[in-house]
């Protein structure tokens, strides 16, 4: 049987008895021949379900040290338990052991049981040293019990002290002892360690490659007698070889044992022969190497007494590549040599061989060419008998490849002995001194010389299984026993046997004739003719002289009997035996012999399965006997024929003659129950109680009632239904019966249907016409298609409630079709076909939540369900997903509609109305007002407009985006409020409109006086107030300064433009200049959505930007995009800032105007788009951070003038300028007083939001200021400030400088524009950072508190 025949398996297990700890079960299993068998098994009831292991056995290693100052050493000890075991009624020695609990691992169990049974506790560093064996079966023939061997390290302990306290249970009591070994505590030398590592890597052994390898079982690193024992299960690559090593350095190695799992286990480098590295192991005593593939040739001097003076055992077993041992370990001191090398073709056993201590030698080699060995006493002086040596050598030779390839052995023996050669092709040549041997036994077809008559002392000569066919012509004078068992003798006619011969063995020879004349000189000769199967008689013609002293033995169990002339019959080999089948129910045997002695009694028995059945003798001349046919099977039978002296077994084929039906599976018979079936064959003449039964391979059977029978024909009527297939026929006629397999093939239309449709695919039945009648739920010709089935489900792309169900819903009219979702919610069918259903989920009053839904389809009372068919997103959840929860201004209902928090929103609560984004008075007709915005898509019902709360503005045109209206009277110049009502929804803005009339421009000749003094013209007032434009220009007749080149008219020519390039921050759009170590910064920090009462509705911190900066020698442009991380409401909001600088003056378009930007100025444009407003009354505010001084002044011609920090417009509502001066350096910031709202100009107010004192500043003069720039409710909002660095003209330079005073110069803006200067640079912010660098959360808190502090 092949090892790969692993079909055996357990089928079932029945518990017969269960106790507390054990159960007794009966297991049924299939053996390798697929035969069911029964086995009784004992099982433990406590097996761990987690690990499948009953328990553990524990190898507990304890180390102890001695105090010998001469040699410090340590011992390793193994703990052994000595306890009573009831099953054997005796005390036994065991390893500590225990059963595993469910909640612990094998190693945990080992440590627990060790502590309980011995008191010893594993050391803390045992984690890496502990290891477990594979699961081991304990007694697999009787029990499923198994174990795992765990090795643990207890650490250092003194075993001579009192043992630690045990924690035993009541029924436990045992003692423990220690088994130990002493070893040196010295470390391996580098050469020894490197040699050991070479071995580990060459053979792929997963062992430590440092000094710790001595702690394992593979390397025993003792001071003397070191053992290296390496067992290799499989190769693992554990490192590269050190090719500088040519010889192992193991000065103390005594035992070297290396074993690979198989002779095909790989090594790292097969070209490096192990033996070539072992020449210097001078202490080597035992060398065992098994399955090593690196050894090809044993070196000539390997194993010599000089190389290995202590060597006693050499074993090279199953070395697959070893082909040559040329010197055969010549001069070795070994007492035992064992070589098992099937491929070895050269063994150097010559006359020069000298093995002085050899006692045993074992060889298994294969010789394929003629070879010669010389065996002599001088080669093996310690062998007491060379006969023993020869037997040891030749009993294990496993092959000599051909009869022409002989091993020649020269045998030199000086004293009488016995020689025996076992099976093999030998050419044995005896030295002339060796012919005095007493016994010579030779097996096989070997030849020898000299001839047998030259051995004058020979008493026994035996050849076994040879090709000899004749006796020797000359016999040795003292020969007593001669044997040629198993040879080729056919006749025995010569020579004359000498009287000295006492036994002649010719057993197992094909003898046909023996001439007893050759025995006439014998005296008490025993002739062995046992198992001479061809011997039928003894030839006795011309017999001369008495031969009464001859005894003959014809069988191995037959007696010797004296030969008698009257006994003609000796062998009883019949010439023929003829069996016949009798109608009476007996088997008759007729015998024919060449020579039979009728005076002897003859008996015949039939051998059946170890027992015998007598054959009753009917006649002795000729011999015949009979046996009841019920006791003997048809086929080959063994007959034992015996007389008084001998018996012989003869094989006889007993052939059935009737009933016989030929096997003819090709014969096809169509039949249904009641049809007549004709059988042809041999049916004899005894027709008593004829029975016919048909069987087929599908388990069907039917009687066939016999109607007519003859010797060659049988007719019967089929009784039962049979399936198609090959039929086995059982026929019983009287005492004889027959089961004929494959007698014919039975078919029917119904059977053909069953066969061709696999019994209607097991989903229907075949009728007698061969048509499938399908069960409900199946159709097609073979009922193979099932319905209803669901193959796939999808949703309509445009309607979440419409399901498209693919599958098979029957070829009929899909009667009573239905579709349900989650078993209870109906899906109304819109359309249905055989392969598809389209239906709409009917929610009604039921809410279907989001998630995976199950769909059930019903057809003709049949249903099929597909769970987790499709992911359904409820209308409510879909609405929340699509509208971002109604953009934070409402909620989604179960029908997927947004319910806004009030009626001022539309488009899923994303747009508020009515809203005015910008407006102005018609400059051609100041009574006409134009208001742009959003007034809703619902027809603008009952609209109204009021200006300044009381002035009715009569609507002349209204649409969703525009209102035109006319006032009855024109309001006075200034800010105008706007109140709009549309669809009963109110909009109000307190300062939307500015105008409608501009203030009067002063006349060049006009004069003013407020104190009764001289009346001054505008030019005179300009000269007086500006010191005549500070000497850098001239006052015009209109009272304005016309400045010289490079002087700033915004400062009445006092400041001069500088050639300074700003620094650009890639992280944020901060306006920043540094001039003469004076730094100016303006920081954009937040966007706020505020309500009608300035309450903060929503806030976005502008603290994370992505920038793209480009520059050339004249200009720099930095584009910043705000990174908005939380888009739960601000879904589409985008904030962009563009910071540009140019060394040239610029006229930049902004709306319908151009803004003049001075040279070397920074311009900051901020665009806020798609803000999601929470109210139609809400507006936006951009928040900037700066630092200002509460006490400020400027000096010209040694005169100091105090100034305010902020300057507002004529209405005091919006900041226009903020100038920052220090050390003759000035920075101007300017904001225009309008923004672009959806592309149109709209008024913008700039105001202080919050101020906080910098407590670290001198006398608290410095304020942190948050400045807000307002914007209307717009979808695209743009603000556009700019910043200019300047130098201040001080006039008279003799004045005492006050460089450490902060100065802000306040002036009037030109053309209604506003300017603001903010300093937040490194110098200014040194103190500020201690307050503001605590994180963005504090900025948010400060912004939220602006309203209360303002």
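Each residue, glycine too, has its Cβ placed from N, Cα and C.
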Review point. Any idea which of 1277-1301, 1302-1326 is down as transmembrane segment in TrEMBL?
Key: 1302-1326
Point to revise | Counts by DSSP class (helix H/G/I, strand E/B, coil) across the domain 'EGF-like' (749-784) | key: 12 helix, 8 strand, 16 coil
Practice item. Determine the mean pLDDT over the domain 'Nudix hydrolase' (51-201), rounding to the nearest whole number. Key: 76
Point to revise | Neighbour count (Cβ, 10 Å) for residue 783 (disulfide bond) | key: 23
Review point. With every protein chain in view, how many other Cβ atoms are within 10 Å of the Cβ of residue 774 (disulfide bond)?
Key: 19
